[in-house]
Amino acid sequence: MTKQAPPTTVLPLSEEQLDRLQTATGDLSPLQLAWISGYFWGRVAEGKPAVPPPSQSAAAAAPITLISASQTGNARRLAEQLRDDLIAARLDVVLINAGDYKFKQIAQEKLLLIITSTQGEGDPPEEAVALYKYLFSKKAPALPSTQFAVFGLGDSSYEHFAKTGKDFDSRLAELGAQRLHDRVDADVDYQAQAETWRAAIVEQLKSRVAVASPAQQQLAASGNVNEVDSSPYTKEAPLTAHLALSQKITSRQSLKDVRHLEIDLTDSGLRYQPGDALGVWYENDPALICELLALLWLKGKGDEPVPVAGQTLPLAEALQKHYELTQNTPAIVAGYAAFARDEALLAVVADKAQLQQFALATPIVDMVRRAPIELSAEQLLSLLRPLTPRLYSIASSQAEVGEEVHITVGVVRYEIDGRPRTGGASGYLADRLGEDDELRVFIEHNDNFRLPGDPNTPVIMIGPGTGIAPFRAFLQQREADGAPGQNWLFFGNPHFTDDFLYQVEWQRYVKERLLTKISLAWSRDQAEKIYVQDRVREQGAEVWRWIQQGAHIYVCGDANRMARDVEQALVAVVAEYGCMDPEQADEYLSELRIERRYQRDVY
């Protein structure tokens, strides 16, 4: 008979259960013990069994595995198109998001396709970080039986263009896998390359894969993949909405111009969740277009008809609505230098590092101003890239605001040789769009930045500057749900008096005890600069206690500096208070990421 603990004890285990637990955990490292503690707490909080049942896809793996690693949705849409192509060719395929892929099964893959974007300065998209780290670790297996192909999406205005695709391609080859097709590195205008690549992949696989049975085809097409939420409006077919409110939420003295925008979605049926982003199709500044045309001896030719996306438009309208004018790239600099034959520009092009820095710091119009020449409309358009929408983290919950969507916009303002310049999208939203004006928008769903399913789960939110936006949505949702879980916000900006975004709302949440803790970092209010990562370290013991209680951690904001510094702070906290070395702490954080307890929305 099992001996039960006395009724007065607080121990919820019998002596026999306790003995079994001690036996099972006696040889575990501090990292393993800490992970198990948080793992089972999270399972209890979510109301899920400790060991999930095997998935249907795992039980009957398809010959073709297609992994989508997306940051802004482009890679996911392209992967869905390829999935549909393969199904139409009666080939058996499983499409899976990188964040859901059980990467330790990669050695069993025979045919592997990866479509991936790159974020920031060459980093993998958030949902692919765990897979990326695994493949580049000592644990990665040899892959002699795997054939693969990689399509990499990127933005050539960044130095490490399409780096994640390049990294996946080279690493898979190093591990012994064989290329089905040469890697493709595609810029923002990737559609033509993608169509060619998709067709080539399908043709190659037809000779390698048996035709799928009707049941297999139905399984592949029935949504046994992680589809994004359906929406009546898309990037390609956006909603025409109206601006309801535009309000500056920094003070007159602030060096930052941050706007709170409310957009009316009445009768549109457009739905979103906290964690999603709003895509905005902006228009270029007419004054900037006039300046550029004048420098290129095209003044007075704004009405000249030009072909754009299957239609004919006046040149000025084409530049306003269809071409990127505010972000320069090394390719544009090189192309213009070849037209201009300017010695100074050609010298810049000859130096790769100097070229990258010049493109980053010099808008197109200011490059032209350095060496103005006469160009035809055709030559000008041949240099430019298509305009792409900007994404903004949504700052509202529909449970609170109904048929509206709110965003927080940091307006980009600077000077070049004394001439004021603004960001393309932020300037459009702040300066050229009036209340009740129309704008084209769509929802970019982000299943990799979601509140816990269990309202009892505590959350830690780290978002300096405009990175605070999604956490406004989070707390609106938690309030509407009556969620009892604790909430802790880390926020930072230069000055308390000038830059405390949504201050009154946070104060109300603190007063009403919805916001359990708030830790603030004002970088310019004292001699020593203080940032959110410093507050995380200062509160390390409490942060670790929350993590041990199953807290989910969310980070939003700048990918290149803040997010890296915050991650280093979290690793330091885990190492110190979890009694681990830095490598173990980093692995522990990776496990949290896999469990969806550490999520980032960085840009």
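Placement of Cβ uses the backbone N, Cα and C atoms for every residue, glycine included.
Take the NADP(+) site that Swiss-Prot assigns to Ser523, Arg524, Lys529, Ile530, Tyr531, Val532, Gln533: the candidate from Asp481, Asp558, Asp565, Asp581 listed for it is Asp565. Within the model, the domain 'FAD-binding FR-type' (236-452) carries an average pLDDT of 97. For Tyr158 (FMN binding site), applying a Cβ distance below 8 Å and a minimum sequence separation of six or more within one chain yields Thr118, Gly120, Glu121, Gly122. Sequence-distant neighbours of Ile530 (NADP(+) binding site) (same chain, 6+ apart, CB under 8 A from its CB) are Gly492, Ala521, Trp522, Ser523.
Note on proximity: among Thr326, Tyr392, Gly423, the binding-site residues of the record, the Cα nearest Gly73 (FMN binding site) is that of Tyr392. It is Tyr392 that, of the binding-site residues Phe161, Tyr392, Tyr531, Tyr603, has its Cβ surrounded by the most other Cβ atoms within 10 Å. Around Ser117 (FMN binding site), the C-beta neighbours below 8 angstroms that are at least 6 residues distant in the chain are Ala69, Ser70, Gln71, Thr72, Asn74, Ala75, Pro125, Gly152, Leu153, Gly154, Thr164.
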